[in-house]
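Per TrEMBL, domain 'RDD' is recorded for 18-140. For 24-46, 53-75, 106-127, the entry in TrEMBL reads transmembrane segment.
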Amino acid sequence: MSFEIRTAQNVPLALEPASVGQRIMATVIDIVIGIAWMLMTLWMLGNMGADSFALLLLVVWLPPFLYHLVMEVLFEGRTVGKMVMSTRVARLDGAQPTLAQYLLRWLLRLVDVTVTSGVVAVVSVALTKRSQRLGDLAAGTTVVRQRRRLEWINVLYPMVPDDYEPVFPEAENLSDAEIRTVRAVIARLQISKGDRRAQALAERAQRAVERRLDLEPTRLAPEAFLRTIVRDHVARLDRFGQHA
């Protein structure tokens, strides 16, 4: 079940929390990486004849211990497992978490994941409205599904052939702010498949664009219409050497 945020353009946008299965698979991938690191470093240190406890602690155990915190801070809420599963940590307003939020959810990971073998985390994610483990509840975050960047680019910034003829040439008259709003509505439709509120918003956006450009009502479905408007806007501006 998705939940809503507000974009910078004040357009409501639904975020879909990652499922329990996605979060478990991401964790399994990260655990495998941690085990592989420890086995590799133990083998290397053994071949070097190193037997210092401090060295073992520093090289073998510290990187896996800090792995989730460092990866999420450096890669915008993603570990390798989350990258594979197309998920990321996000604040409940959709923004990127702060360092303090990353740190808090990482500290509580010791309680709901490490000490309890993930049982507390799974139960918490399954029972909470926004699929939050204890660390998320404390930090005001959750883990959401993330569309692959290439898919978003194709949807919101389509490639237009040189010989493409715009269906609605009037689309070039839309301002940058207006076309950003259209893209935000399309993004919500993509995230909120089948959501009635997203469909209603798209219908209102379609009528608003038709009035703005003085267009006759069309038989195109709202999403198809809005995508066509974006494509036509890009085509017309590219033709005149501008940017959409």
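Positions of Cβ are set from backbone N, Cα and C atoms, glycine also.
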Exercise. List, by number or range, the same-chain residues at least 6 past the transmembrane segment (24-46) whose CB is under 8 A from its CB atoms?
Worked result: 18, 55-56, 59-61, 63-64, 67-68, 79-82, 84-85, 87, 113, 118, 122
Seminar exercise, completed: In this predicted model, the domain 'RDD' (18-140) has a mean pLDDT of 90
Problem set entry | Per-state residue totals over the domain 'RDD' (18-140) - DSSP helix, strand, coil | 89 helix, 5 strand, 29 coil
